[in-house]
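Listed in TrEMBL for this protein:
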type	residues	note
BINDING	D:Thr72, D:Val233	pyruvate binding site
ACT_SITE	D:Tyr162	active site, proton donor/acceptor
ACT_SITE	D:Lys190	active site, schiff-base intermediate with substrate
Number of protein chains: 4
Amino acid sequence: MLGPRVWASVRQRLSRGLSRNVRGKKMDIAGIYPPVTTPFTANAEVDYGKLEENLHKLGTFPFRGFVVQGSTGEFPFLTSSERLEVVSRVRQVMPKDKLLVAGSGCESTQATVEMTVSMAQVGADAVMVVTPFYYRGRMNSAALIHHYTKVADLSPIPVVLYSIPANTGLEIPVDAVVTLSQHPNIVGMKDSGGDVTRIALIVHKTRHQDFQVLAGSVGFLLASYALGAVGGVCALANVLGAQVCQLERLCLTGQWEAAQKLQLRLLEPNAAVTRRFGIPGLKKAMDWLGYYGGPCRAPLQGLSPADEEALRVDFSSNGWL
Amino acid sequence: MLGPRVWASVRQRLSRGLSRNVRGKKMDIAGIYPPVTTPFTANAEVDYGKLEENLHKLGTFPFRGFVVQGSTGEFPFLTSSERLEVVSRVRQVMPKDKLLVAGSGCESTQATVEMTVSMAQVGADAVMVVTPFYYRGRMNSAALIHHYTKVADLSPIPVVLYSIPANTGLEIPVDAVVTLSQHPNIVGMKDSGGDVTRIALIVHKTRHQDFQVLAGSVGFLLASYALGAVGGVCALANVLGAQVCQLERLCLTGQWEAAQKLQLRLLEPNAAVTRRFGIPGLKKAMDWLGYYGGPCRAPLQGLSPADEEALRVDFSSNGWL
Amino acid sequence: MLGPRVWASVRQRLSRGLSRNVRGKKMDIAGIYPPVTTPFTANAEVDYGKLEENLHKLGTFPFRGFVVQGSTGEFPFLTSSERLEVVSRVRQVMPKDKLLVAGSGCESTQATVEMTVSMAQVGADAVMVVTPFYYRGRMNSAALIHHYTKVADLSPIPVVLYSIPANTGLEIPVDAVVTLSQHPNIVGMKDSGGDVTRIALIVHKTRHQDFQVLAGSVGFLLASYALGAVGGVCALANVLGAQVCQLERLCLTGQWEAAQKLQLRLLEPNAAVTRRFGIPGLKKAMDWLGYYGGPCRAPLQGLSPADEEALRVDFSSNGWL
Amino acid sequence: MLGPRVWASVRQRLSRGLSRNVRGKKMDIAGIYPPVTTPFTANAEVDYGKLEENLHKLGTFPFRGFVVQGSTGEFPFLTSSERLEVVSRVRQVMPKDKLLVAGSGCESTQATVEMTVSMAQVGADAVMVVTPFYYRGRMNSAALIHHYTKVADLSPIPVVLYSIPANTGLEIPVDAVVTLSQHPNIVGMKDSGGDVTRIALIVHKTRHQDFQVLAGSVGFLLASYALGAVGGVCALANVLGAQVCQLERLCLTGQWEAAQKLQLRLLEPNAAVTRRFGIPGLKKAMDWLGYYGGPCRAPLQGLSPADEEALRVDFSSNGWL
């Protein structure tokens, strides 16, 4: 299914990847990542200009990199070519020293492999692969291990596991994570479930592996750091990038009291732009805070005036607006 | 997004549809439908030859039609062109007097509209549109009403709502169904949730509309008929087509005692090929019962020997093997 | 723990029970039962006078009997002596030819046995035993089989299993029901879960046993009859007793079309007095329809004016008010 | 319902309580508490001798106090008089400088008030009141606020809210907690849900109140400390008391790296004695580690040999056996 041109590119990237890991270490993914939103015009076309503007502004923060085509990027609403074009544009405008982690998960193993290879071709440094989930009743450890092993075997770039039960109704079982952590091309995991006891258990049971865990939300970022996670993919970083990076710094330098104070003030705005109001809430907050948010693609609807007001309170009552 | 050639075809089909409904009645979808499986070769390619053979055999039963690209058809694992090609092939080989209902649901409204129009072009008589679900936290009544209204407005062929919470984690709220039942191009609903009280409530609250409800599984088919549903989309009909049609006949002719006896004997094999062992279980049973089942696409795995044995018992203990 | 006087009474009742079953058949529990509410005064004392008045009115319908101290009876809010006194009073005023089924479930096996024996002493004909549930994470088939077997071994009167997941978060697994159905002193089951496929499966897998299934709500009563259940314990029968009995009659005489019409008109009022507004809703409707409803014990709160209005619409829009 | 003797005692205790809070501060509940198990003989009688022996051993650790009749104490299996007698005995043998927090929750508000007063009489310093839950569909914020306000109004000793969704299927909504935190006799909350983002939000939104949060399990103890909780009620402290107290000390003195190391080693044994194997697992581990565990009351069953082995591995693989 993959033509010769693709595989040539893959080999090239593979060798680049290998040269980066001369000591046999896996890629280090520690740090903070905003999961970039996809801006749309009023006609629901991808607005690449606004995407670039947002990236320029986000590029000024000390992020480790950007997650492109994560759940926050409305990836299920984009065509395959849009998914690749967005990643390609981000690659062009983002700072060279940062990582581009692209979401490449699809339902079938084969499509995921193909999307993964394509993401590598258009410039992704790593892929983040959401669990297949439509047939979640059959997605047991054996099926998930088979899926991720195949993807990681064939991916020219490192693979990050991605578990987000609020969207998928499915968690990667801990035993499956432990098995997969031993794969040379699986470097870590983003866990968005919010169960920090589970995150800690994964840290504990993969402690002899070269495997890193990222929190999937700023809501439990401090707790995740305290338990051994190395960073986070945080929707809120799209609007409060400085603050999320400051929280990282406070945790990494052991200033836990100050970290706690800041963490608490981020809880409500974070819940507002994730669980409570979703991407429409995040985009509205972006509009307020100097970025381009704009509309979502249907069927996601904009906020009602009442919801918008509640969103504003979640920011203002914590001093962010 | 839709080119002029597409719309010409759409208009043509629309006028065909209109001529079919001279009395202003919506399409009648009452009856039994097997949700056709997609056969794959050992190399995971779609095996169109086996698809045609299965259809020839299924064509001998008094089904009302065929559902193609439902959940049982592994539609999330197919490319867009494979989805269309499968529907096109089924159209060619299936009996002319039966309905072809094609699954055209995608995550975005726009993609669903485009897939719907394409399905009409390749010969579908109606589409069955699964709820968008990745952002299920935001898929409230307003969002779903907006989505389905747009799709139905732009679809050249009738639309059937499709609610399957086991896969999507989401149900279309009853109030949304009631609103949507008034749309001239929304003819009915397939409900796979198994809550017959809900099915009855939908029947009751849409009783003044021209709107039909289909049970999404043979497990609650008798109960659904008893409460006013008009048919079913039944995975088990892929292997026990005669029996499912017989159950329909017994219900429609008021032979409820005989219907009960038959219904009870279908429960375990039905659970085995749906909830318990999924599509891998159904395809294995097809292999036993004269059809081509074959492998699923990854990440769906085949049955273990123990599961296969349990599947066999579920059929044999009820006299079907 | 049980004194000699108790056991004497138990033995006496056991022999009465045995004489009733000369042909070796278990007690026949087929029919409709209202789960009687417990009336309280404004001071939250049990109002035995109002209880008797309600019973006199309910006694005019062709019920098979009464369930006393079911979930609708607010049993968790009563002391042990109140539970027994209520049953004793009902025994005195209810028609002699009807069955008194008393809820005797407690969390521990020992307490359940003692309450069961006491219920027999004060006049219950059978007990309905809800699953223990506080430690539901450990209430697997083995634990539930152990519990019910012990209770049934020591109960002087027949035992009915009682599964109500909306309150307990727990279902008795089908395999446990099948095992328990073979116990000579376990006569049947009340299933309030509403999953009629499960009810049908239980009917099917206990078909060689002397075991009867009752629907736990009128919401799925017709469907349950159609699948082999023999009756129902229906909260709505406290206010629409004639209609629920009529639905039973229509089902038993094979008048399924008329049954369907009636069933559909009962859905909304039934949902209103169970899932939607709970016991406060039921008691409010009793106040409207000629019974004494009155307040619930705290922490159950009365309805808001808006809820009360919605409750009224659920009855009036179906022609019952 | 409460006789004059009771109220005399209540008044006396109230004045004792007041004298303890001369500065108008609520009781300080910060620290670690084992939720004490209830030992039973082979005949399922409470074994008060073994209870005292266990308490003597537990008394050597720097706990803040003991929780008696929590979920770990099998309180739903005890009679009211057993519940009080157990608390009374613990009061007699436990060190005078520690707090005795007694579980006094019942389903009805009235019963909870009476049990609370009785617990105060037999020597409890505070009560921990689990949410009523059988009618959880109606236990919204209004009902819970009404319930806890009434209990706190009438309790002679401070009240701790107790939310344990794994057992009750119910959480106290954050807005209800915030309202209740303002009550002068409600001093804090034990949250066993494990959602530390929720715990942090409660800390944040009650920051202007005199209100303390305790983690309900050692699984998220470090994270809870890091986010502003002040202690924990930890089942594991019944067997690894020194280690849980050491984890507290490391957190309180800011030794977060050492704390993390210890926290991670406690995860698996903790999960084993709570979620995975429940009280039977905890009691088995007590038997191994120098305490009296013994049997549970039915319907709780002992561990199978395979489960026992898995329990052992969860301890030994982390160096605790």
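Just so it is clear, glycine is given a Cβ too, placed from its N, Cα and C backbone atoms.
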Those residues of the chain, 6+ apart, with a Cβ under 8 Å from that of the residue listed as 'active site, schiff-base intermediate with substrate': D:Met128, D:Val160, D:Leu161, D:Tyr162, D:Ser163, D:Ile164, D:Val213, D:Leu214, D:Ala215, D:Gly216, D:Val233
Three-class DSSP secondary structure - D:Thr72 (pyruvate binding site): helix
In three-state DSSP terms, the structure that D:Val233 (pyruvate binding site) belongs to: strand
Tertiary neighbours of D:Thr72 (pyruvate binding site) (same chain, Cβ under 8 Å, six or more apart): D:Pro35, D:Val36, D:Thr37, D:Ala235, D:Asn238, D:Ile279, D:Leu282
Cβ neighbour count (within 10 Å, all chains shown) around D:Tyr162 (active site, proton donor/acceptor): 26
Cβ-Cβ neighbours of D:Val233 (pyruvate binding site) (radius 10 Å): 31
